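Engineer: I have a structure here, written as structure tokens, and I will follow up with some questions on it.
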Amino acid sequence: MEQGSLSTSFPQHTPKAPKNSVLNSIKIVIFCNKLNLLLPFGPLAILVHYMIDSKGWVFLLTLVGITPLAERLGYATEQLACYTGPTVGGLLNATFGNVTELIISIFALKNGMIRVVQLTLLGSILSNMLLVLGCAFFCGGLVFYQKDQVFDKGIATVNSGLLLMAVMGILFPAVLHYTHSEVHAGSSELALSRFSSCIMLIAYAAYLFFQLKSQSNSYSPLDEESNQNEETSAEDEDPEISKWEAIIWLSILTAWVSLLSGYLVDAIEGASVSWNIPIAFISTILLPIVGNAAEHAGAIMFAMKDKLDLSLGVAIGSSIQISMFAVPFCVVIGWMMGQQMDLNFQLFETAMLFITVIVVAFFLQEGSSNYFKGLMLILCYLIVAASFFVHEDPHQDGI
């Protein structure tokens, strides 16, 4: 699962690689997780595609089938990070943590569905900031209802600043478009988006360096934790599979997610028609819930253990990775593919993102949380979901 702090969840000692047989490795990765009961829905979706060709059912079954794969990708990445150390492990999490959204986005870009890419990535940012963080605050607040949970206010401020920078990059192309102030109509907006995307990727690389090198001491475990908890944590962090097993499983899971993503993207329009649900709602609300399955569970688990810095790293860190890495990366990939993917997310969506970042920044400024703050964030997400359910995208012909 993703860590915004990038170095807190990885052991500093050299782990002993377990000697597993092939059957034991399959048992650990596939059969030891109850969520994997949903794995058969993936092959079933492919059968339905060729036998019935019902887009609505194909989309639903594929959506369910990808959910456990997203969680297992996070698990395999975490196992591999145990061998690589905190620096490389953090980079691995940054790369593979949002691989589900990236794969879906690349398939959509290949099909020219630019609005699906924009809305899916936007939905992932909104989901992490409101739903995932809200559930973490709410569940942690219920467990520790007699006190306010605290987290590092300095790190939260840096993260909020990065999110505001991402909003700046997405906001300006939209403002340029709607004020009709382009020097070259139709091309200035795209050129600005590509330039801003390159700058955002540089900023994200600098952010990683800042975290992993300059501020590495900021992410050491708190002295308040007892020695018993530290020993238990070290035991929990010992890898369950070997390094090469983790690499092989990452390759297999990524390939399977890629295969199902092709069927998922192909069925989006048909599912929208058969269910009478706007494509904007499917892309912004339903798809990100699948990709954020691992983050959601991880953030809640850490909050219930009073490790709120880790919960914040999972939720806000994932939002930063999407907004500062995945979004500009898709613009650059679209550039290479000849697709006019830009940062103009349209007025409604851009306003939604801007207001969300401001709301979350206000909730983080005190450096503390409770169940009431969590409930407010969850209710904000319900308002966002309802807004997209009644929102008709004026650019559906470009999807």
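Each Cβ is built from the backbone N, Cα and C atoms, and glycine gets one as well.
Caution: TrEMBL annotation is automatic and unverified by curators.
According to TrEMBL:
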- 35-52: transmembrane segment (TRANSMEM)
- 57-212: domain 'Sodium/calcium exchanger membrane region' (DOMAIN)
- 87-109: transmembrane segment (TRANSMEM)
- 121-145: transmembrane segment (TRANSMEM)
- 157-179: transmembrane segment (TRANSMEM)
- 191-210: transmembrane segment (TRANSMEM)
- 246-265: transmembrane segment (TRANSMEM)
- 247-388: domain 'Sodium/calcium exchanger membrane region' (DOMAIN)
- 277-303: transmembrane segment (TRANSMEM)
- 310-337: transmembrane segment (TRANSMEM)
- 343-364: transmembrane segment (TRANSMEM)
- 371-390: transmembrane segment (TRANSMEM)
Engineer: Give the nonlocal contacts of the transmembrane segment (121-145) in its own chain as ranges (CB under 8 Å, at least six residues past its ends).
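Structural biologist: Sequence-distant neighbours of the transmembrane segment (121-145): 98, 101, 105, 163, 166, 283-285, 287-289, 291-292, 295-296, 299-300, 302-304, 306, 308, 311-312, 314-316, 318-319, 322-323, 326-327, 330, 345, 349, 352-353, 356-357, 360, 369-378, 380-381, 384.
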Engineer: Please give the sequence-distant neighbours of the transmembrane segment (246-265): residues at least 6 beyond its ends with Cβ less than 8 Å from one of its Cβ atoms.
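Structural biologist: Apart from its flanks, the transmembrane segment (246-265) reaches 25, 29, 42, 45-46, 49, 58-59, 62-63, 65-66, 69-70, 72-73, 76-77, 79-80, 83, 96, 99-100, 103-104, 107-108, 111, 113, 116, 239, 287.
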Engineer: With pairs closer than 6 in sequence left out, are the transmembrane segment (157-179) and the transmembrane segment (310-337) joined by 3 or more CB pairs under 8 Å?
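Structural biologist: Taking Cβ pairs at least 6 residues apart, the transmembrane segment (157-179) and the transmembrane segment (310-337) are in contact, with 3 or more under 8 Å.
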Engineer: Should the transmembrane segment (191-210) and the transmembrane segment (371-390) be scored as in contact, given a threshold of at least 3 Cβ pairs under 8 Å and pairs 6 or more apart?
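Structural biologist: Output no: the transmembrane segment (191-210) is apart from the transmembrane segment (371-390).
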Engineer: Under 8 angstroms, Cβ to Cβ: which one of 157-179, 343-364, 371-390 has the largest number of such pairs with the transmembrane segment (277-303)?
Structural biologist: 371-390
Engineer: Which residues of the chain, 6 or more past the ends of the transmembrane segment (371-390), have a CB below 8 A from one of its CBs?
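Structural biologist: For the transmembrane segment (371-390), the list is 126-127, 129-131, 133-142, 145, 277-278, 280-281, 284-285, 352, 356, 359-360, 363.
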Engineer: Using a Cβ cut-off of under 8 Å, list the residues of the same chain at least 6 residues beyond the transmembrane segment (157-179) that approach it.
Structural biologist: 4, 125, 129, 188-189, 192-193, 196-197, 199-200, 203, 207, 312, 316-317, 319-320, 323-324, 327-328, 342-347, 350, 353-354, 357, 360-361, 364-365
Engineer: Per DSSP, what is the helix/strand/coil residue tally across the domain 'Sodium/calcium exchanger membrane region' (247-388)?
Structural biologist: 120 helix, 2 strand, 20 coil
